[in-house]
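Participant: One structure, pasted below without further comment.
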Amino acid sequence: MKIDKLPKIFLDAAPVLDKLEEAGFEAYFVGGSVRDLILGHHIHDIDIATSAYPEEVKNLFVKTIDTGIKHGTVTVLYNGNSYEITTFRTESGYQDFRRPDHVTFVQNLSEDIKRRDFTINALAMNTRGEIIDFYDGLGDIDKQLIRAVGDPVQRFHEDALRMMRAVRFMSQLKFKLEDKTEQAILDNHLLLKNISIERIRDEFVKMGIGSNARTAFEVFLTTKLSEEVPHFAGKSKLLEVFPKLQFSPTEETSLWSIIIILLKLPNDKIHEFMRAWKNSNAMTDEVERVVSFFDILSEKTPSDYDLFKVGKTTLLNTIDVAHILGQPIDSKVLVDRYLALPIKSTDELVIDGRFLIQAGFKPGPQLGVILEEIKEKVVDGVLENNQDEISLYINKYL
Ligand SMILES: Nc1ccn([C@@H]2O[C@H](COP(=O)(O)OP(=O)(O)OP(=O)(O)O)[C@@H](O)[C@H]2O)c(=O)n1
């Protein structure tokens, strides 16, 4: 196969490959960029594989960064763009594909390609747009199939994260999983124990918010990958609801909130769950807010003050979660009510603690209680957000 008209991102990178070839080396575009080109998807970065050793790459280009020189990767800065150039290699026992523990440089492209994860990721392309396809990756793209290169068991022993990548690509690309590859995941799911939570989390999130998340999630459960991730072991019955949802999440906050709700985690366990998945504090805090507001929404019509306290972002995130979970709520009414609130943040209140002290209140905890009460009355529309009205109202306390 030959691509006649390469997109600009490849044309911009072509001089880098030309330079390597002129110096007597082989050089190819490899990995996700070639896959995404064939699929017609957006190409976010270009990876290059070459027969040149890292030192040789460094000698050819003016601006380079030693990204992972021991492992064969040099970043080249060229015309304002950056390219990761990796020497043809095989590796084993690595935690990170870009940082394998043991690297052996190999002489040719085919040796490099045969240790890549899936056939669709094992394509290479030269600057003339000719596709080099040793494992029928093009056929699998056509068939919409995720299939390991060669023996799936070997591929998963080299890097067990690839099992999560398989379900992630299923979700993102809406591809099926080839039977032998699926069986190998089921047989080897225990290997996922060796992989860092951060790497598993990144793949899990990509899977969970991908366009075919429900089908991929089902395979994540049936292959028992779910048994090897934090807090999911023994919970497949609860998680089986996910593939049956009417919609699936497109936002990470919604994904975590939905998982927590399906797992029926009590509120005081959410923090522990989010920490176990090594989520950021910001994500943890927002998910806690969303899940507790979801509880309020499930029980009653929230008061104006509930809407004020939760704020716009959390309100919209919770509406998204309720919608995905099929909770019957009138989101338009909720949003309209929120938009009609007299104030939307404490900053908008015309008085503050200092105002109360000047009015004759003593500093102390009581002040906070009165301030809160005023805020609530203003939000509920019982008291106008106006200093004279508020002064009249607080007189009863003086
Ligand atoms: N565990 C891994 C990770 C990556 N790769 C190879 O390295 C390439 C680049 O990997 P990466 O940038 O992580 O993913 P992409 O496939 O490019 O996908 P995306 O960038 O869309 O996540 C992959 O295509 C694949 O050939 C691999 O064989 N095994």
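Including glycine, each Cβ sits where the backbone N, Cα and C put it.
Unlike curated records, TrEMBL annotations are generated automatically.
What TrEMBL shows for this protein is this:
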DOMAIN    27-147  domain 'Poly A polymerase head'
BINDING   Gly32, Arg35, Arg116, Asp159, Arg162, Arg165, Arg168  CTP binding site
BINDING   Gly32, Arg35, Arg116, Asp159, Arg162, Arg165, Arg168  ATP binding site
BINDING   Asp45, Asp47  Mg(2+) binding site
DOMAIN    175-232  domain 'tRNA nucleotidyltransferase/poly(A) polymerase RNA and SrmB- binding'
DOMAIN    248-390  domain 'CCA-adding enzyme C-terminal'
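Can you walk me through where each of these features ends up in the structure?
Facilitator: Secondary structure by DSSP for the domain 'Poly A polymerase head' (27-147): 33 helix, 45 strand, 43 coil.
There are 24 other Cβ atoms within 10 Å of the Cβ belonging to Arg168 (CTP binding site).
In the three-state DSSP reading, Asp159 (CTP binding site) counts as coil.
Using a 10 Å Cβ-Cβ cutoff, Asp45 (Mg(2+) binding site) registers 13 neighbours.
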Participant: Compute the C-alpha separation of Arg35 (CTP binding site) from Asp45 (Mg(2+) binding site), stating it in Å without decimals.
Facilitator: 12
Participant: Could you state the CA-to-CA distance between Arg168 (CTP binding site) and Asp45 (Mg(2+) binding site) to the nearest Å?
Facilitator: 18
Participant: If you draw a 10 Å sphere around the Cβ of Gly32 (CTP binding site), how many other Cβ atoms fall inside it, taking every protein chain shown into account?
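Facilitator: For Gly32 (CTP binding site), the count of other Cβ atoms within 10 Å is 18.
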Participant: Out of Arg116, Arg165, which of the binding-site residues has the smallest number of neighbouring Cβ atoms within 10 Å?
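Facilitator: Result for the binding-site residues Arg116, Arg165: minimum number of other Cβ atoms within 10 Å at Arg165.
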Participant: Quick one: give me the count of other CB atoms within 10 A of the CB of Arg35 (CTP binding site).
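Facilitator: Its Cβ has 23 other Cβ atoms within 10 Å.
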